[in-house]
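A.B. asks: Just passing along the structure, written as structure tokens.
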């Protein structure tokens, strides 16, 4: 028997779990626009208050993937998504976007799934536009971009049209809900490997186990203990790693890789223009904190993509990709390739 929205709401009020098949049904109602905004708002708020379970998040992500416009990638060896939940409040430049260029220059294929800034001063879509990249591509054009340049940016609104049914509710609520953690779980290119940053330490263990249930191959979920949704230079980083079906949780420190622990304060930006400048300086091999944090994250992404056998090996490859100028060249390559699809 299917659950009604009213029954689901009662379940959340009593702090009881909504089971997998029930959650599939509820999410399909939301994504089709068949649930009233009042009930949708009540349920997603109730889930947040009770705390979403791994099973509930897995079911919700499964439905979001069902409704997505997919990008078909033929060869998914060394294929990785580099993404953050956002919402860490750090207002740093776009580290994961810079990481994409370095990882691609070092031999990974990257399908980056992102959006405009909501909580940040500059989302991945904003800085890519500032770099001259056309972000408004159709799924088959993104696939061509990945095949040709080793990189593809999937602008979330183009791939999740059903989200428009819940967008006004989310906007009016103005608080974090399950949808804030679903984005990184719903890559439209189905990248089997992932470096995922999260905004809360509890999400490290949760998100990596959701990815395990969703059938991912090699995933590193990270949370910098200074609050960053990246691998941090300013503190230890909590890691949840899925590899060969097994989950391991551990901490890493910059010193483990011969790097100095240094505050991330200098990485703050006010807008996409400032983010662009800092990103290009890092990729241009300008010594400093920006280059180091991009190197650290790219090394981790290359390990996740199975291009490198360890994070340390990945960092070495990332250093070479930046020093050789290949990482900086990737920016112009992506801009050139995507501009041909300008509508």
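Cβ coordinates come from backbone N, Cα and C, glycine included.
Relevant sequence annotations retrieved from Swiss-Prot are reproduced here:
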BINDING   84, 115  anthranilate 1 binding site
BINDING   84, 87-88, 92, 94-97, 112-120, 124  5-phospho-alpha-D-ribose 1-diphosphate binding site
BINDING   96, 230  Mg(2+) 1 binding site
BINDING   170  anthranilate 2 binding site
BINDING   229, 230  Mg(2+) 2 binding site
A.B. asks: Between the binding-site residues 115, 170, 229, which lies closest to residue 96 (5-phospho-alpha-D-ribose 1-diphosphate binding site), Cα to Cα?
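C.D. replies: Considering only the listed binding-site residues, the nearest one is 229.
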A.B. asks: Should any of the binding-site residues 113, 116, 170, 229, 230 have a Cα within 10 Å of the Cα of residue 84 (anthranilate 1 binding site), which are they?
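C.D. replies: So the list is 113, 229, 230.
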A.B. asks: What is the interatomic distance between the Cα atoms of residue 170 (anthranilate 2 binding site) and residue 115 (anthranilate 1 binding site), given in whole Å?
C.D. replies: 15
A.B. asks: Looking at Cβ-Cβ distances, which residues of the chain lie under 8 angstroms from residue 113 (5-phospho-alpha-D-ribose 1-diphosphate binding site) while being 6 or more apart from it?
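C.D. replies: Counting only residues 6 or more apart in sequence, the Cβ neighbours of residue 113 (5-phospho-alpha-D-ribose 1-diphosphate binding site) under 8 Å are 81, 83, 154, 156, 159, 183, 184, 186, 187, 188, 189.
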A.B. asks: Any idea what the Cα distance is from residue 230 (Mg(2+) 1 binding site) over to residue 115 (anthranilate 1 binding site), rounded to a whole Å?
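C.D. replies: Approximately 17 Å lies between the Cα of residue 230 (Mg(2+) 1 binding site) and that of residue 115 (anthranilate 1 binding site).
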A.B. asks: Distance between residue 115 (anthranilate 1 binding site) and residue 229 (Mg(2+) 2 binding site) at the Cα atoms, whole Å?
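C.D. replies: Approximately 15 Å lies between the Cα of residue 115 (anthranilate 1 binding site) and that of residue 229 (Mg(2+) 2 binding site).
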A.B. asks: Rank the binding-site residues 96, 115 by how many other Cβ atoms lie within 10 Å of each Cβ and give me the one with the fewest.
C.D. replies: 115
A.B. asks: Just to be sure I understand the packing, how many Cβ atoms besides its own are within 10 Å of the Cβ of residue 230 (Mg(2+) 1 binding site)?
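C.D. replies: Excluding its own Cβ, the number within 10 Å is 27.
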A.B. asks: Could you state the whole-number distance in Å separating the C-alpha atoms of residue 92 (5-phospho-alpha-D-ribose 1-diphosphate binding site) and residue 229 (Mg(2+) 2 binding site)?
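C.D. replies: With the alpha carbons as reference points, the distance is 10 Å.
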A.B. asks: Between residue 229 (Mg(2+) 2 binding site) and residue 116 (5-phospho-alpha-D-ribose 1-diphosphate binding site), what is the CA-CA distance rounded to a whole number of Å?
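C.D. replies: That separation, Cα to Cα, works out to 16 Å.
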A.B. asks: Per DSSP, to which secondary structure element type does residue 96 (5-phospho-alpha-D-ribose 1-diphosphate binding site) belong, with helix, strand and coil as the options?
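C.D. replies: Going by the DSSP assignment, residue 96 (5-phospho-alpha-D-ribose 1-diphosphate binding site) falls within a helical segment, counted as helix.
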A.B. asks: Counting across all protein chains shown, how many other Cβ atoms sit within 10 Å of the Cβ of the residue listed as 'anthranilate 2 binding site'?
C.D. replies: 18
A.B. asks: Could you list the residues of the same chain, at least six apart in sequence, whose Cβ is under 8 A from the Cβ of residue 116 (5-phospho-alpha-D-ribose 1-diphosphate binding site)?
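C.D. replies: Listed in sequence order, they are 123, 125, 126.
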A.B. asks: Can you tell me whether DSSP puts residue 115 (anthranilate 1 binding site) in helix, strand or coil?
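C.D. replies: SS state of residue 115 (anthranilate 1 binding site) = coil.
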A.B. asks: Determine the Cβ neighbour count for residue 84 (anthranilate 1 binding site): the number of other Cβ atoms within 10 Å of its Cβ.
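C.D. replies: The Cβ of residue 84 (anthranilate 1 binding site) has 24 Cβ neighbours within 10 Å.
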